[in-house]
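Record features, source TrEMBL:
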DOMAIN    11-85  domain 'Cation-transporting P-type ATPase N-terminal'
TRANSMEM  68-86  transmembrane segment
TRANSMEM  92-110  transmembrane segment
TRANSMEM  252-271  transmembrane segment
TRANSMEM  283-305  transmembrane segment
TRANSMEM  708-732  transmembrane segment
TRANSMEM  738-759  transmembrane segment
TRANSMEM  780-803  transmembrane segment
TRANSMEM  815-834  transmembrane segment
TRANSMEM  846-867  transmembrane segment
TRANSMEM  879-898  transmembrane segment
Amino acid sequence: MTPPAPKPDAAWHALDAMQVLERLQTDATAGLAAAAVARRRAEHGPNRLAEVKPTHPMWRLALQFHNLLIYLLLGAASITALLGHWVDTGVIVAVVVLNAVIGFVQEGKAERALQAIRRMLSPRALVLRDGAQHDIDATDLVPGDIVLLASGDRVPADLRLLQARNLRIDEAALTGESVPVDKDTAAVDEAAPIGDRLGMAYAATMVTQGQARAVVVATGARTEIGRIGRLLEEVQAVTTPLLRKMSDFGRVLSLVIMATAALLFGFGTLVRDYAAIDMFMAAVGLAVAAIPEGLPAIMTITLAIGVQRMARRHAVIRRLPAVETLGSVTVICSDKTGTLTRNEMTVQQVVLAEGCFTVQGAGYAPHGGLETVDGPCAGWPPAVHGLAQAGALCNDASLREQTGPVGGAGQWTVTGDPTEGALLTLARKAGFDLAALAAQQPRLDVIPFESEHRYMATLHAPGTTPGAGNVVFVKGAPERVFTMCAAQFDDQGREQAFDAAAWHTRVDEQAAAGRRVLALARRVVPSDHARLVLGDVQQGLTLLGLVGIIDPPRDEAIRAVAQCRAAGIEVKMITGDHAVTASAIARQIGLGGGDVKAATGAEVEACDDLALRRLAIETTVFARASPEHKLRLVRALQAEGQVVAMTGDGVNDAPALKQADVGVAMGMKGTEAAKQAGSIVLADDNFASIAHAVEEGRTVYTNLRKTVTFLLPVNGGESLTLLLAVLLGIALPILPAQILWVNMVSSIGLAMVLAFEPTEADVMTRPPRRPDEPMLSGFVIWRIVFVSTLFMLGIFGMFELALARGAAIEEARTVAVNTLVAMEVFYLFSVRYLKSPSFTWTGVQGTPRVLAAVSGVFLLQLVFTYAPFMQTLFNTSALSLQVGAQIIAVGALVLLVLEVEKLIVRRLGLDE
Ligand code: ATP
């Protein structure tokens, strides 16, 4: 029998928890069964808000015509039509349409690329279903699902709270109120406004503190946020400050060009006595020649391709300007655990008051015994056993064996905190049945681990020893736990006075070997004591011992750090771990070139802002640091003129991520709060991905610069040619329609290649780009002027040569256009390596894209020159093979000249 569907729009906040569960026919401890989930999913649909409606394609196409140049061209087309110059009108209109279509297609491509990337960031939710915890895509939630919330989570649907511990939620997304609200589970009056409904958590709000268990009451469009019609994700325009600057530059350039064209018209008609019509066509030609029509589209697509490439290398861009900023990063501040290290923890040593044991085995597989310096131990001494038991109970992780290939051993994996996973493996090695242990000594209460406090405590029933009282277990950072201890156990299990000095020495020994150290302690409380309060753990504990955990560095992080150092980027480690452990790992990874200077969070606190600037620059490892320290460190480094990338995962890291020039959030272990604050999300939490993102960021910038350096001289050469012809009063070497052909066909086709250019070999050996460095740097401007002049000389030279040879004007013009295109093709090979030689084997080979573009352009030029209809349309005429060869030779000559120029510029050190 199908149960009636849950009533969707009840005043859930006014019902108490039991009523809500009953209405939704769900169970607070086991959650829904798979069959119920499937049914409700079919009925309610996915838990998704309406996505931003994309602009209608027709409208997008229409918008392509909304641009100064197009208006100019359409104006020219109407005038030529009035004058009966139908061919010119046809060419201009064709060009306008072609331009719009190219813009439309490119823009669509860029949009789609970004959309695909946005989808990679879909939020997750932790639910209870069929009695087990599952980490699912938040879109799969259905009413009745039991959700577990933790600090940093984004609330995935509208929820009625069942249990809440210190829960605070930032509801700004819904109510606009930026102060987080304390939540509990109480029902409130039905008429209460949203901000006062304490027992509810609403979709799209953020958990800033605490934990909760809650039941989903509404999903998707039925949530409060869905109802007010707010959209899931604001649309992001495909632009960055740099692109905006370039488009402003383009606008100014267009105005200047149009003014020049007007002047030219005046000069030609009044001074040179050209016919007004001819002069008008020349002025239009100049405007068309000088305006880089394809530039904006190509810059946008270059950016989008960069973003796609980064995503492929596990760095998902959330805010586009980050692509640019990445190229100028000078300092990367990285977390340690999981980013620089593998986050695969293994307890390697157990340290007791009277001895130290080494635990055999690596990874999470629970196989291995104990050994001492004297050799393997026969069994597990009771004191080690007791410590392993504490580690297993004061624990939120779970250890599982994935079934392996037939007959083979399975893979052991941990869900939850890997540090805790290591303790579970230890307990299994010591012979504990984890499920039985948990059943025997059920947990009564918990103080969860928070980075700020650095410990976790649990309260358990006494288990098999009746009347023994409840037991509190505490595990955490040693110096923290030591302050809570009054006694320690000897190897016979007797309590003795706590010897803090001796324990600190043992901690230092462990840390110096690069091990992460946890201390474990216990305390017995009366059996009627069923809630944990801070007072229970602050004193009177008995120390059980220490565990030394290894977390090996990631090999790829070691390589990436070396790469960053070569690229002039400092890498600093900011970690919650012990200073000695962190320094040992930092040395293994090669931070600071092996010369590791460490400071602790306490030292950071002791510094005023000025002193911190010095400390921040000099120090490589910041240990025992908390999120507030991160924020101050970013500010201090920025005050020193550094461009800072900062990683983070917790809700408290959000301010530092926002402050950093590039905030890098962890995609796997990071909270939603951190992901929203970051401008990049690392899909694999791996430091190497940050280095890759920097490399791609630098590549995007270089490619943008190549595009500009490629396109502008072509326009420059064309306009100089026209200007000179009019000023000298001679025939135009290239007609306006022909210029349009070159700009719209060969220029765009060739420039598009640059958007896809692979990373240059030396990208990561150059120093970071200065953030204030203009795109049109002195070097780029020089290159543009120089190449424009070369192009003009080439066009004019070949044109005049043809005329001198007695060729007809049509033929001479065809020679001029083909020379221009040939020079462009060879210039492409030069520009692919802006400053380094192009005459290398890889340089000459090009890439498949380069070859395709060049062949395409070559074929089109053949059509342009030899096809009768093109001859009519563009006034071209066929050329002999010999002339063709000459044209290609001129192109090659340009490349040669540019190679010599590169050599001289490099020798004189003028390249920047
Ligand atoms: P990073 O900031 O690079 O990720 P981290 O993981 O060492 O470094 P935290 O997770 O804040 O930083 O841990 C800080 C300290 O708290 C650890 O050195 C350890 O002593 C202790 N600790 C870590 N995890 C737990 C846990 N689950 N229970 C109790 N104590 C823990």
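Even glycines carry a Cβ here, placed using N, Cα and C.
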Task: Same-chain residues near the transmembrane segment (738-759), Cβ under 8 Å, at least 6 residues beyond its ends - done: 91-92, 95, 98-99, 102, 285, 288-289, 292-295, 297-298, 301-302, 305, 695-696, 698-699, 702-703, 706-707, 710-711, 714-715, 718, 722, 813, 817, 820-821, 824-825, 828, 831-832, 847, 849-850, 853-854, 856-857, 860-861, 864, 874-876
Open item on the list: Below 8 angstroms Cβ to Cβ, which residues of this chain, lying six or more residues outside the transmembrane segment (92-110), approach it?
Closed with: 57, 60-61, 64-65, 70, 73-74, 76-77, 80, 238, 293-294, 296-298, 300-301, 303-304, 737, 740-741, 744, 748
TODO: Compare 252-271, 283-305, 708-732, 846-867, 879-898 by their Cβ pairs under 8 Å to the transmembrane segment (815-834) and return the stretch that comes out on top.
DONE: 879-898
Open item on the list: How about long-range neighbours of the transmembrane segment (708-732): same chain, 6 or more residues beyond its ends, C-beta under 8 Å?
Closed with: 246, 257, 260, 264, 267-268, 272, 274, 279, 282, 285-286, 289-292, 294-295, 298-299, 739, 742-743, 747, 750-751, 754, 775-776, 780, 783-792, 794-796, 809, 813, 816, 820, 823-824, 827-828, 831, 834
Open item on the list: Taking only the residues in the domain 'Cation-transporting P-type ATPase N-terminal' (11-85), give me the average pLDDT of this model.
Closed with: 85
